[in-house]
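For reference, Swiss-Prot has these:
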type: BINDING; residues: 17-24, 88-92, 142-145; note: GTP binding site
type: DOMAIN; residues: 8-290; note: domain 'tr-type G'
Amino acid sequence: MARTTPIARYRNIGISAHIDAGKTTTTERILFYTGVNHKIGEVHDGAATMDWMEQEQERGITITSAATTAFWSGMAKQYEPHRVNIIDTPGHVDFTIEVERSMRVLDGAVMVYCAVGGVQPQSETVWRQANKYKVPRIAFVNKMDRMGANFLKVVGQIKSRLGANPVPLQLAIGAEEGFTGVVDLVKMKAINWNDADQGVTFEYEDIPADMQDLADEWHQNLIESAAEASEELMEKYLGGEELTEEEIKKALRQRVLNNEIILVTCGSAFKNKGVQAMLDAVVDYLPSPVDVPAINGILDDGKDTPAERHASDDEPFAALAFKIATDPFVGNLTFFRVYSGVVNSGDTVLNPVKSARERFGRIVQMHANKREEIKEVRAGDIAAAIGLKDVTTGDTLCDPDNVIILERMEFPEPVISIAVEPKTKADQEKMGLALGRLAKEDPSFRVWTDEESNQTIIAGMGELHLDIIVDRMKREFNVEANVGKPQVAYREAIRAKVTDIEGKHAKQSGGRGQYGHVVIDMYPLEPGSNPKGYEFINDIKGGVIPGEYIPAVDKGIQEQLKAGPLAGYPVVDLGVRLHFGSFHDVDSSELAFKLAASIAFKDGFKKAKPVLLEPIMKVEVETPEENTGDVIGDLSRRRGMLRGQESNVTGVVIHAEVPLSEMFGYATQLRSLTKGRASYSMEFLKYDDAPNNVAQAVIEARGK
């Protein structure tokens, strides 16, 4: 089967935004204008197509990044059809993982900002993730029809708060109630969309006389930005020659692809204005799969030889599974992005991460939660496979004869855990199944059984994250659960170096004995310097401990790291140097050396100034001005460190660093302090030493 759309006409994009910037409505309008959706779904009444999980419709926030395919031929039908694959990304901070994983498979992104609220704290988190994956992006300033809307103010914030280089592609004509359309700064024409057909048709008109000077000024700014793309254009521009529309667009595209500028458009998705021109900007300025660098990976040759795959049907098949979802009708759906090659339904592919073969039974392309079955997918496509057996988010799927392991995604460690138990004993097994499935979908969510209490523990990125997991168990798997009090994921570490710590395990009374003897140094590592948080150096000279026992020493220490001597929390940032010891020809064994190492570790840890580490959260609170004092006072009582504040149209944004243990129930407290007018977001920042009184209380509570 031949390719229907050339790969250069593909656009794999994400639509990313702060909560309430109107991202879902914007996506809905895109689906409407691209002809997929005949009736526009409004988030206000819970009917939007992209928000397909029930909780999202209730909470009015987008949780799961659904992938949707649409076609666009331009507002004035000026292009060949372009295939736009849209990945919807959530804006809530507890779902940062969803944003992260979608950024990994995008080629470009549209950042949606609210014309009133501007660049919010959450927008900065998303921006950092887009920077990390070097995603070219454009911005859409939405809600121009709202009270207090100000397009150029938001352009200024993109520069000051995100450190970006924004270049307006349009200007808003009017604002609030008087918002009627936009000025196209490339064509230097006003665009007015027709209300009667929900903005499907439009007219080019002259720029309003009272905006001519402003339009000239920003047109000049746009031309200068374009001219900076090459010396040739700069000479032409400085020589007083006019740049053609084609030259301007080509130059701006090049600068967007190089991540040098952010083109900014505006509109009101709700009022059917501006989304159509933003779609044109997606086609004109965002990359196709062939415009972005080839994807990197390593060969499965035992040497980790670097390799890459280019976006071409002729290269061997390679894809990345970026999301696992459970569908009530077909079971497991594995969303994947094809980077190279072609795969047909019925083909067998390899998952090199698990060394397992998988058969692609049915392949579907998703439109929000409706699906269309297809026979093949090619380089650049995003699709979902039904019924793959053992694939986790971040796994590679590739041609078994040309094995490559694509770069893995990085997932954050959970910072909060709670115990859960089913309301009825009969549901125990069902709960285990449900949690196992949900953990497969979401790598930032973990499940395990506490060995001492035998309770099931679930852990995630925040209270909302775990609330939604419990909620999904009830809705999707019919399992009602009771939940315990949230627990903080503390860590243990040392702050001093200790040397010549001895560990000896000797039992030599009759029969075959046991003998292991080690001497180690222990020292703290710089936090984050070692991805494993642990290093082991073997400095044994002259065979005082035979080589075959060295791994047992390492293993003996690693087993102790799982539950530290202070309060039973994992030990991090620790280095160990093994430099002396002794053995017995007959009585020594791996087990004896493992035990000797654990004795030395426990002794050394106590002497090396052990500390309890607690997770510190970056907290940002947006509050009306009159409540600022109360909010700051409350954060200080929670051991918060103030890191600054700034005013905006809607009030004051307070930046603070607060221990997670002090943030439980914060949403309720903030609501009562500000009569429900404040909002906050928090994300994990770092681990830091817990003060003595806090550490003492935690240690006593653990009964250590």
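Each position is counted from 1, following the chain as shown.
A Cβ is built for glycine as well, from the same backbone N, Cα and C atoms used for every other residue.
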To which of the binding-site residues Thr89, Met144 does the lowest count of other Cβ atoms within 10 Å belong?
Thr89
Going by DSSP, is Lys23 (GTP binding site) part of a helix, a strand, or coil?
helix
Model confidence over the domain 'tr-type G' (8-290) (mean pLDDT, whole number):
84
Within 10 Å of the Cβ of Ala17 (GTP binding site), how many other Cβ atoms are there?
28
Per DSSP (helix/strand/coil reduction), Met144 (GTP binding site) sits in coil
Ranked by how many other Cβ atoms lie within 10 Å of their Cβ, the binding-site residues Asp20, Lys23 are led by Lys23
Once the DSSP letters are reduced so that anything not helix or strand counts as coil, what is Thr89 (GTP binding site)?
coil
